[in-house]
Amino acid sequence: MARNSIKKSPVVKKKDTPIVRKRKPIQQEAEEDSNDEESEDELNVEGLIDASDDEDEEEEQEQEEQPQEEENNSDDDDDDDDDDDDNNSEADSEEELNQLLGEEEEEDPSDYNSDEFSDEPKDDDLSRINIKSLSVSDPSIQKNSISKFSDGSIRILKPEIEPKYDSDDSDAENFNTIGNIPISAYDEMPHIGYDINGKRIMRPAKGSALDQLLESIDLPEGWTGLLDQNTGTSLKLTDEELELIRKIQQQENTDENINPYEPLIDWFTKDEEIMPVTAVPEPKRRFVPSKHEAKRVMKIVKAIREGRIIPPNKVKQQLTEEEEEDQFNFDLWQDEIEISDHIMNLRAPKLPPPTNEESYNPPEEYLLTEEEKSKWLQESPIDRERNFLPQKYNSLRQVPGYQDSVRERFERSLDLYLAPRVRHNKLNIDPDSLIPDLPSPKDLRPFPIRCSTIYEGHTGKIRTISIDPQGLWLATGSDDGSVRIWEILTGRQVYKIQLINKEINNEDHIECLEWNPDSSCGILAVCVGENIYLIVPPIFGFDIENSGKLRIESGWGYDTFGNKKKDLKISSQKEEDNKESDNEDEDEEEDNDDDDDDDEPETSSTVEPKKEVAKWYPPNTEQASMGISAIIQCRKTIKKLSWHRKGDYFVTVSPDSKNTAVLIHQISKHLSQSPFKKSKGIIMDAKFHPFKPQLFVASQRQIKIYDLAQQVLLKKLMPGVRLLSTIDIHPRGDNLIAGSYDKRVLWHDLDLSATPYKTLRYHEKAVRSIKFHKGNLPLFASASDDGNIHIFHGTVYDDLMTNPLLVPLKKLNGHKIINQIGILDLIWHPKEPWLFSAGADGTARLWTT
């Protein structure tokens, strides 16, 4: 059948595929042989194949089965023929071959010039067939392209070589090129790095726990159990490394280039030789004394006789004689020879040189009088400032012997061997390096530098001053019992009220006064002894004065002490005493007034209303005509007063009032309450936070910060002083300054520790007042009994990592010191860099730029 196809086929053109047609019968014959062999062992697989296969696959199988059946039939027919038929077919094939050769010779030679036999390459189907492998090439493969250079010459552009397929090192191992980056950086990624071409090296698949167990049981050759950090796979040893380990275990030579069995060269023989190498007899000169040595000996003997050479025994004798002579021959006035001490040797301290009073003829001012002599003799020897009496003699020969010389030498000897010695190394420190690098005060202007106005009129010392929120009126309170209001710019007195009659009451003083921070009401609170006067001075005009009086008068309707608001104490008096004894050592706690309202009365032995900590009284006709709108009476003398920023609350401090030392008063309801059940220590000052619901309470040695909303203790500051005098809070609320009676100014950073950030010691006496500027200027000042005011620049940065900057600017003095009391109070102008001070000399001063 194959032969017939060859005979009938015409001349093959390039568009046909004759090669595939010729190979197809060969494949069919191979398939026929395989089918004959497999027919005997054929299995029945019906029912095992899924009936839902595609129809295309069934058609392909049917087409493949049809030629196979035809070939099988033809093969069966051929098998039935006889040997004679085979011989006839061979003869026929030879005749057909001869006919084909003849037809090829008769072909027209012009056919060789046709397109079929042209040498020019054409883009046809056969051009893509590899003759050796009979495979079709990929049309996407790029070939060389011809271009031209700028000069017109031919330029051949070759396709790019793909390193993965075309280069010779395609079988090289893909090394990871991530460098020193740890492989843990790729834990959350699907790849473990990049190869030399920048392509990702994917993470090898990890088997299950069962696979890992099987791998640990069947250990392959070179297994280490380690993980390769570059590839992420298990690290295996190479054959060379395994061979090296084997040689080390068997103590073999690891380097093949070294020969352990090199030939040994015996440089010395082991046999003892009897006969000498040379048998020359000894010369006579070795047995006769040398003439040359005799000459040298005679020269040495001659030099010894002449004294040019000294024998060793005489040298020692001469040295001893010279030392004996030099022992008493020395220069008395030559410099002292310094001998270096041992490293562990500490020299004895030298005696101090004598002073003028130890002279035998001292000046007259060094001699003691009779009273000083008697006082010196009465004192014990330990308490005496000097251990001798200065005496005067006309000449040195009249000076007697010092009777205490032996005793002093003995005491010094005791001190030298009994007292321990310490070597103190001197520190070579530049003094300029200890001074902090601060900006110049000229760059930090403006700040007050001079006194521009003096407010005179008080007959006693001015204890307190305050300026209204608008910065126009200055109020002063003095020991003469009067409160005066001054116009700041002119120094003119515009209002005066006499609150204390000194003829009747000499004990009370005006301790403090302060304007309400709300400028629309014009209320001035004045503390006189146990009373607080709320005054609206007639200096503002009708609108402001009427607003202030209405705000105070509206609170009389809310005064319900003893009627509506009661605190019902359920426990008996005996239980209350026990509770107070148990809480004696606890810190201060705030009283929760809201919880008291919710408590319902219960049947008990004692039901008492809440005690009044202060009483509110309306003024009489005479007091109302003076501008007084309300009077608050407390239990003890009030020393400090501070307003809340909204102007409805103010806090007062009575140091002698024990558990009611701190009181909070509310104008709108005429209520006074004590926030603490008891106080530990004497309360010196109290202030509200500038914008948070917090209360700062300063006792004698510590400062506590309370949260009024949550009623808890937030922080406790430990200034480390004996007696605090006053505190003030920075307008931002993150810093606090405190003054003490032991001459210290303390700066606390509330974001840091409880100890002070800076402790300033520049005052000579007690610090009475210290204040921050409430405007936008970073200034603060402190006043003391030494009569001086110190102005400081204090910048607080927004960056929490930067510490505040404190720079001293100016020292102001002008007040006189009366009875060791200097300046009592300070206040800053709310807008300008002006400072007001009140002194014990009865004057108030304005310090301006």
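Using the three backbone atoms N, Cα and C, a Cβ is placed for every residue, glycine included.
Features as listed in Swiss-Prot:
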- 29-44: compositional bias 'Acidic residues' (COMPBIAS)
- 51-123: compositional bias 'Acidic residues' (COMPBIAS)
- 569-581: compositional bias 'Basic and acidic residues' (COMPBIAS)
- 582-602: compositional bias 'Acidic residues' (COMPBIAS)
- 1-130: region 'Disordered' (REGION)
- 286-405: region 'Required for interaction with NOP7' (REGION)
- 405-441: region 'Required for interaction with YTM1' (REGION)
- 569-619: region 'Disordered' (REGION)
- 633-675: repeat 'WD 3' (REPEAT)
- 678-716: repeat 'WD 4' (REPEAT)
- 719-758: repeat 'WD 5' (REPEAT)
- 762-802: repeat 'WD 6' (REPEAT)
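According to DSSP, the secondary structure content of the repeat 'WD 3' (633-675) in residues is 6 helix, 18 strand, 19 coil. On the 0 to 100 pLDDT scale, the model's mean across the repeat 'WD 3' (633-675) is 92. Non-local neighbours of the repeat 'WD 6' (762-802) in the same chain are 441, 444, 446-448, 725-732, 734-735, 737-745, 747, 751, 808-813, 815-817, 820-833, 835, 837, 839, 847; each lies 6+ residues outside the stretch with a CB under 8 Å from one of its CB atoms. Mapped onto DSSP helix, strand and coil, the repeat 'WD 6' (762-802) counts 0 helix, 20 strand, 21 coil.
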